[in-house]
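The following features are taken from Swiss-Prot:
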type     : residues               : note
BINDING  : ASP183, GLU209, GLU235 : Mg(2+) binding site
ACT_SITE : HIS185                 : active site, proton donor
SITE     : ASP258                 : site 'Increases basicity of active site His'
ACT_SITE : HIS285                 : active site, proton acceptor
SITE     : GLU310                 : site 'Transition state stabilizer'
Amino acid sequence: MKITKLTTWRLPPRWMFLKIETDEGIVGWGEPIVEGRARTVEAAVHELGDYLIGQDPARINDLWQVMYRAGFYRGGPILMSAIAGIDQALWDIKGKALNAPVWQLLGGLVRDKIKAYSWVGGDRPAEVIAGINTLRGMGFDTFKLNGCQEMGMIDSSRTVDAAVNTVAQIREAFGNDIEFGLDFHGRVSAPMAKLLIKELEPYRPLFIEEPVLAEQAEYYPRLAAQTAIPLAAGERMFSRFEFKRVLEAGGLAILQPDLSHAGGITECFKIAGMAEAADVSLAPHCPLGPIALAACLHVDFVSYNAVFQEQSMGIHYNQGAELLDFVKNKADFNMEGGYFKPLMKPGLGVDIDEDKVIEMSRRAPDWRNPVWRLADGVVAEW
């Protein structure tokens, strides 16, 4: 079998799909994307395609190493996201060729189901009570919300109180009937994170995500030393080499690699094993589309340390398309009691409606995250 063609489509709300074709008629689907940089990743995918045309798609490990190492400059969000989507598609092809789901090729199931959690609220933590009530009616009991609005490097007591009050209201409304993680989204400086985490501790959030930016990862062990709340990060780390340094330093209780950013299934399977060896949990980041989610689930179901899975159904970013709008086999993604079951079809197990992909690609937006500014006019972290 040989690879013959790569085709990409930019899609609403902020996704990109990749189809890899072969001379035997088997195709694989992937989801390479950096949200807000789709055209840049698309160019990288087709540059990497020069290494792939005419090659055997079954040689996933070799092709991965060629894409990563054949260029003198490597790593980073654009290249690793391009590799990630290609890698997903190659695993999809291999599974279809062997008539087996990807989790079977990775050694078989280690669990029967995986807890899903849902985003609630928008970019800023408001109207979350109503959102949680709606999602509970859909079977969710685990959530994630933005833990604070934009925050200065040294900010006011009012800003801290606003964040804490939101969390207090959630606990008052629902008690311990639900669990929720708080995403600081890299908006918080180390001094403010230290203060905010301390104030939030009585409400026992499930985790705090990106308490500081990955660029300030040296603060993870320092912040962890002062709190019992598990700290999580990883969506802006792009290879096992970055995760190696974080694991060696300590501080994180949960790693959150993104299967569409951190090199795909091949790389994230290795990251999961590294985390297990360090007694660190795995919760893949996935506010993206159905192919990315399918890739996450295959890694979840073969990783002992996977604890829950993010998914984007109803997320505030989904303007113009929802999680399963491009999927024919929607029922395979049904959750039972807030849990995903393994995908059983060969390959990634997601049947993409190509006609709809082509149609919707004609009106794909060039999505960008908003640019925020603080009161003094300085650019704020989004």
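Cβ coordinates come from backbone N, Cα and C, glycine included.
It should be emphasised that the depicted structure is a prediction, and the values quoted were computed from it without experimental measurement.
Reduced to three states, the DSSP call for ASP258 (site 'Increases basicity of active site His') is strand.
The secondary structure of the residue listed as 'active site, proton donor', as reduced to three states from DSSP, is coil rather than helix or strand. Note: the Mg(2+) site is recorded as ASP183, GLU209, GLU235; in the same chain, LYS144, GLY181, PHE184, HIS185, GLU210, ALA232, ALA233, GLN256, HIS285 also have Cβ atoms within 8 Å of that site's Cβ centroid.
Neighbour density at the Cβ, taken as the number of other Cβ atoms within 10 Å, is lowest among the recorded positions GLU209, GLU235, ASP258 for GLU235. According to DSSP, GLU235 (Mg(2+) binding site) is assigned to coil rather than to any helix or strand. Neighbour list (HIS285 (active site, proton acceptor), Cβ cut-off 8 Å, at least 6 residues apart, same chain): GLY234, GLU235, GLN256, PRO257, ASP258, HIS261, GLU310. Non-local neighbourhood of the residue listed as 'active site, proton donor': ASN146, GLY147, GLU209, GLU210, GLU381, TRP382, each in the same chain, at least six residues away, with C-beta under 8 Å from its C-beta. The local packing around GLU310 (site 'Transition state stabilizer'), expressed as other Cβ atoms within 10 Å of its Cβ over all shown chains, amounts to 23. A C-beta separation below 8 Å, combined with a sequence spacing of at least six in one chain, links ASP183 (Mg(2+) binding site) to LYS144, LEU145, ASN146, GLY147, ILE208, GLU209, GLU210.
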